[in-house]
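Straight from TrEMBL, the features:
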- A:Asp96, A:Asp98, A:Asp100: Mg(2+) binding site (BINDING)
- A:Cys97, A:Cys115, A:Cys122: Zn(2+) binding site (BINDING)
- A:49-124: domain 'Phosphoribosyl-AMP cyclohydrolase' (DOMAIN)
Protein chains: 2
Amino acid sequence: MTKIASLFADPSTLSKDALEHGTTFAPKFDANGLVTAITIEEGTNNVLMVAFMDAQAIALTLETGFAHYFSRSRGKIWKKGESSGELQHVRQMRTDCDQDAIVLTVVQSGHGAACHTGRKSCFYRQISLVDGKPVLQDAGQPQLFDPKDVYKS
Amino acid sequence: MTKIASLFADPSTLSKDALEHGTTFAPKFDANGLVTAITIEEGTNNVLMVAFMDAQAIALTLETGFAHYFSRSRGKIWKKGESSGELQHVRQMRTDCDQDAIVLTVVQSGHGAACHTGRKSCFYRQISLVDGKPVLQDAGQPQLFDPKDVYKS
C-alpha cells in the first residue's frame with residue numbers, strides 16, 4: 001500500500017489556491033499524522049461514525065475499497081469489521097477545502113451496524129437542554145447485534 | 001455561557017457504560033480541549049463541514065441555537081457566519097458512543113454556503129484513482145457567493 005501513500009503530495013508544497021481548488025490530493029495530516037474521517041451511509045447520508053485515518057489507512061481504503069482507519073487507542077491500522085464482520089464497502093471518498101478531512105460514503109455490510117454498541121450509527125443520543133441543563137436522550141436506534149456475541153475476546 | 005459549560009460532566013468520572021449508554025452529557029475533549037463537530041444539512045443530511053468545538057462553543061451553540069466553533073488557526077471561538085452572513089440555525093445536536101464528537105443538524109442561512117469558497121459543502125472534490133494515482137475531481141457544486149465579495153478585510 002505504500003505505493004499509493006508515497007504518491008500523496010505534501011500540502012506545504014502547494015499554494016492555498018492549489019490546495020483548495022486543484023486536482024492534487026495532498027492530505028493535511030495533523031501532528032499525529034491523522035486526518036478526520038466521517039463515514040456516511042450511501043443513500044440516506046446518515047452519519048455512521050467519525051474516526052481517523054493515517055496515510056496508510058487512506059491508501060488501503062483506496063486500494064481495497066474497504067474502509068480502514070487508524071485507531072488512536074490501539075495505535076494501529078484497523079480494517080473496519082475485521083472483528084465484527086461489519087465491513088464497509090466504500091462507494092465514494094471526498095476531501096474538504098483544506099484537505100484535512102475525508103468523507104467516506106459506504107454501504108455497511110454485516111448486520112448494518114457501524115457502532116460497536118450494535119447500532120447503525122454511533123450518534124444515537126440527542127443533546128437537549130432540560131431546565132437549562134444539557135442531557136442526553138436516546139433517539140431510539142435499535143441494536144442490530146449484541147456486542148457480547150460479536151466481540152468475543 | 002459558562003453557566004452551561006460548567007454543567008458538563010467530566011467523562012473520566014463516568015463508567016464506560018454510563019459514558020456510552022447514560023443520559024449524562026460528558027464531552028470527551030482532546031488534549032487541546034476540543035471535540036470534532038460534523039455539520040450536516042437538515043433534510044438532505046449532506047455533510048456541510050467539519051470543525052472543532054471547545055466547551056464554550058458547545059455552550060454557546062446550545063444557548064443561542066446558532067452554530068459556534070473553535071478556530072484552531074485563529075485560536076478563538078467563532079460564530080459561523082459572523083463575517084459571511086452564512087449563519088447556521090441548529091435543529092439538533094447529537095453525540096457519539098464515546099462522546100468525543102458531535103453532529104450538528106442545521107439549516108444553512110445566507111446564500112446557503114457553509115464553505116468559505118462559496119460552495120454549500122466543503123466536500124466538493126472526490127478522490128479517485130486514475131492510473132493507480134489518487135487525484136481530485138471537482139464534483140460540480142456551484143459557487144453560491146464570491147469569497148472576494150464576502151470576505152472584505
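Backbone N, Cα and C define each Cβ position, glycine as well.
In TrEMBL, annotation is done automatically, which means it is predicted and not curated.
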Would you list the DSSP helix, strand and coil counts for the residues of the domain 'Phosphoribosyl-AMP cyclohydrolase' (A:49-124)?
10 helix, 31 strand, 35 coil
Given a separation of at least six residues and a C-beta threshold under 8 Å, show me what packs close to A:Cys122 (Zn(2+) binding site) in the same chain.
A:Leu48, A:Met49, A:Val50, A:Ala114, A:Cys115
The answer, for which of the binding-site residues A:Cys97, A:Cys115 has its Cβ ringed by the most other Cβ atoms inside 10 Å, is A:Cys115
Pick out which of the binding-site residues A:Asp96, A:Asp98, A:Asp100 has the most other Cβ atoms within 10 Å of its own Cβ.
A:Asp96
